[in-house]
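The structure appears right after this line, and notes come after that.
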Amino acid sequence: MRRCCQGVGLPCLFKGVGMAGSRPPQFLLVFDFDETIVDENSDDSVVGGRALPEPLRQTPRGGSYNEHMQRVLTFLGEQGVRPADFRAIYENIPLSPGMAELFQFLSKHQELFELVLISDANVFGIEAKLRAAGLRSLFRKIFSNPASFDRRGFLTLGPYHSHKCLECPANMCKRKILGEYLAERARQDVEFQRVFYVGDGANDFCPAAGTLRAADVAFPRKGYPMHRLIQERQEKQPGAFQAAVVPWESAVEVARYLQELLRRKC
């Protein structure tokens with residue numbers, strides 16, 4: 001069970017910075033990738049302006065999007081898109097507004113915030129972008145679909161895991177991932193005072209609604225599916241969504257919220 005933050009002052013945390021036996025981070029900050037850290041859907045960025053054959057033009061309804069993207073990536077490989085091309089595409093996807101400022105803030109407070117990334121994109125693309133932006137070292141863990149290049153030089157994609165959640169795509173339930181991560185860290189004697197979740201999509205609603213508690217904060221991108229689903233839940237079932245909700249248009253708003261949190265504690 002996560003400890004509440006009542007009675008825990010941040011000044012004592014700052015004293016431990018850089019010292020042997022310093023305390024573990026007190027806050028967990030969870031990020032989505034597509035249209036959260038970056039300002040585009042990376043799958044769309046990979047396709048770019050290329051004309052796809054008719055069977056690949058529409059995302060299958062009721063089918064597996066992960067399997068659909070596996071077929072798209074095979075097609076791109078057959079068209080001559082090679083590893084260096086894929087890497088350049090991911091590296092050049094722009095960050096969302098204010099993300100550079102948010103990560104600049106977080107880099108100054110790494111002793112307080114533990115960062116993980118949970119995304120239905122793919123590990124190769126995420127790693128490429130984070131390294132290009134100088135952000136990879138800030139994240140303790142990245143949870144995403146496995147991706148690698150086969151002997152032909154084609155980027156291949158697989159599912160992350162299997163699960164029984166009826167609300168999520170077959171290849172990934174972010175609530176299951178986040179729940180297992182919190183349990184793993186608890187076994188390591190790391191129990192976070194608060195969890196902050198920054199996302200945009202419908203698949204970010206599942207972990208936010210199912211895992212976050214009253215002390216936690218959901219940061220949905222304003223006007224995106226996660227935000228709309230939270231609003232609908234709040235209207236239909238007042239009090240059912242337990243976490244505080246702070247919508248954002250620029251990630252600077254997230255940074256300001258966290259900065260104010262530290263200011264109040266200090």
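Just so it is clear, glycine is given a Cβ too, placed from its N, Cα and C backbone atoms.
Marked as Mg(2+) binding site by TrEMBL: D32, D34, D200. Sequence annotations record features per position, and here TrEMBL assigns active site, nucleophile to D32. If you look up TrEMBL, you'll see D34 marked as active site, proton donor. According to TrEMBL, the feature substrate binding site maps to D43, D120.
Listed in sequence order, the residues F33, E35, T36, I37, S119, G199, G201, D204, R221, Y224 complete the 8 Å Cβ shell around the Mg(2+) site centroid, once D32, D34, D200 themselves are left out. Within 10 Å of the C-beta of D43 (substrate binding site) there are 19 other C-beta atoms, taking all protein chains into account.
Around the Cβ of D200 (Mg(2+) binding site), the number of neighbouring Cβ atoms within 10 Å comes to 25.
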